[in-house]
C-alpha cells in the first residue's frame, strides 16, 4: 500500500481528488485510519466522499468521537453532507448514545431536505432507539413515506431494547401483514428477545417457525436468542434441543443454557455444560460465571462456588463484580452462613443499583434464617440509600414477626403508612393461545372467579389430607384467624394464575406462569403438591419485566 501511495505521489495524481479518495478508501478498508487521515490532511480540495469515507473509517474502528469532529469540520467548510454522511454521523451518535448531538444532526437533516431519505431516516430510528427515546424513533418511523426491512428492523429493535416487547411484537405483525417481506436475522433475533422478556412462549414458538421457514435456524445469533428465549420461558428441554442443533456453539449459546439451567434449579446440568464448554476451549465471559455461581447457589455447592469465584481472575482474567458477589452472598445465605455473607457484602464497593440487589439478597436470606440482627442492619442500609425501601420495610417486618417481636412489626407498618411507602403488588400472568391473562394478588374480580375459588378450595382440602400445612413465612399476620390466613395465601397472584390455567388449559400441556416478584416459599411448596395431585407439570418464573401492557385482564 505504501508503494502504491508513493507511485501516485510521483506521478502527480495525488492532487486529483478522485484518485486521492480511492487511495484513502484503500487505507480505510485496511483499517489504517492514521494513514488515511494524513492523506486527507494533504488533500487540496477534499469533497463529500473524502469526509464521509474517513468518518466511516473512524466509526468502524470504534472511534465515533473523531468522526463527529470531522463532521463539525465539514460544516465549517464549503462541502455539503449527503445522505451517507448523515447516516455515518448518526451512527456515531448511536454508538455514543449521544441524544443531544443526535437531535442537532436531525435538525440539520430537516434543513438539508433529506427528511424523507430512507437511509437517513432508518439511521435516525436506530439512533433514537439506542438513546432510549422510543417516542421520537416512532415519530420518524411513522413519517417515512417508504420503508424497507432495515427501517422496520430498527423500529422493532428500538422497542425490544427499551423493554417494550409488546410494541415490538405489534410492529413485527404489522410488517408481516403490510409487506409480507422476508425478515432478516436481526429482526428475528429482536422479536425473539422481545418474547423472552415478556415470557411469551407461544409467540416465541411462532417466531421460531418463521426462523425455520426463512432458513436462519443455523444462524449462531438467532439460535442463541432462541436458546435464551426458551430458557426464560421455562422450557429448558426445548432450549436444549435448539442448543444441540448448533454445530459449533460459541460462548453466547453456552452461557444462555448455563444461566437458564441454573435458574430452574438444574445445577448439575448447568455445571456440566460449563465443563463441556471449557473442554472445547471456549473461553467463558462474566455472564457465564453468573450462571455458574447461580447454579452452585441453588445446588448447595458452596465450596465449589467459591472455587469458581477465585478461578475467574486467576485462570480466565475476568474480574468479579457486584453481580458475581451477589450470587456468592445468596449462596452463603442459602446455606446458613450468614455471618460470612454479611462480611463479604460489607467488603464490596458497589454503586446504588447494584448495592440494592446485593443487600436485598442478604436481607431475604436473613429473614429466611431468622437473623434479626443482620436483617435490621441491612434494612437500615437500604432505607438510608433510598433503595428497595418498600421491600426492606416488609422483609424486616416479616423477620420481626417470625421472631415474635410484634411491637416492632406494628411500628414498621405505622412508619410505612406515615411515609407513604407501598410495596409493589404481586402480579402473575399466564399465556393461553394468543392472549395473556394477568392476575394481581387479592383481586376478587377475576374472570371465571367462582370456578377459580372452587378449584382452589378443593386443592387446599386435598393438600391438607396429604399433610400440607402452609408456613405463612412470606407474610405478616397480625390478629388473623387461621381460616383468614389460608384465604390470604390462596389469593397470592401465582395461585390465582395457576387455578385459572388448570381450568383453561387442556391436560397434557405444561402450565407456565410468569411473575414480577419472587415466588414465596409457601406457594412454591403448594405448587409441588398441586402438581402431584392433578398430575400436571407447572413452570413458574420470576421476571424483571413488567406485566404485558397489551393484555387480557383476567
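Cβ atoms are placed via backbone N, Cα and C, with glycine included.
Per TrEMBL, domain 'DYW' is recorded for 471-539.
Across the repeat 'PPR' (47-81), mean pLDDT in this model comes to 91. Taken from TrEMBL, the feature repeat 'PPR' applies to 47-81 (among others).
Under the heading repeat 'PPR', TrEMBL lists 117-151 (among others). Long-range Cβ contacts of the repeat 'PPR' (117-151) within its own chain (Cβ-Cβ under 8 Å, at least 6 residues beyond either end) map to 83-84, 86-87, 90-91, 93-95, 97-99, 102, 106, 109, 157-159, 161-162, 164, 167, 179, 181-184, 187.
As annotated by TrEMBL, repeat 'PPR' applies to 250-284 (among others). Away from its own ends, the repeat 'PPR' (250-284) comes close to residues 220-221, 223-224, 227-228, 230-232, 234, 236, 239-240, 243, 290-292, 294-296, 298-299, 301, 304, 316, 318, 539, 541 of its chain (Cβ-Cβ under 8 Å, at least six residues beyond either end).
Shown for the repeat 'PPR' (250-284): DSSP residue counts in helix, strand and coil, namely 26 helix, 0 strand, 9 coil.
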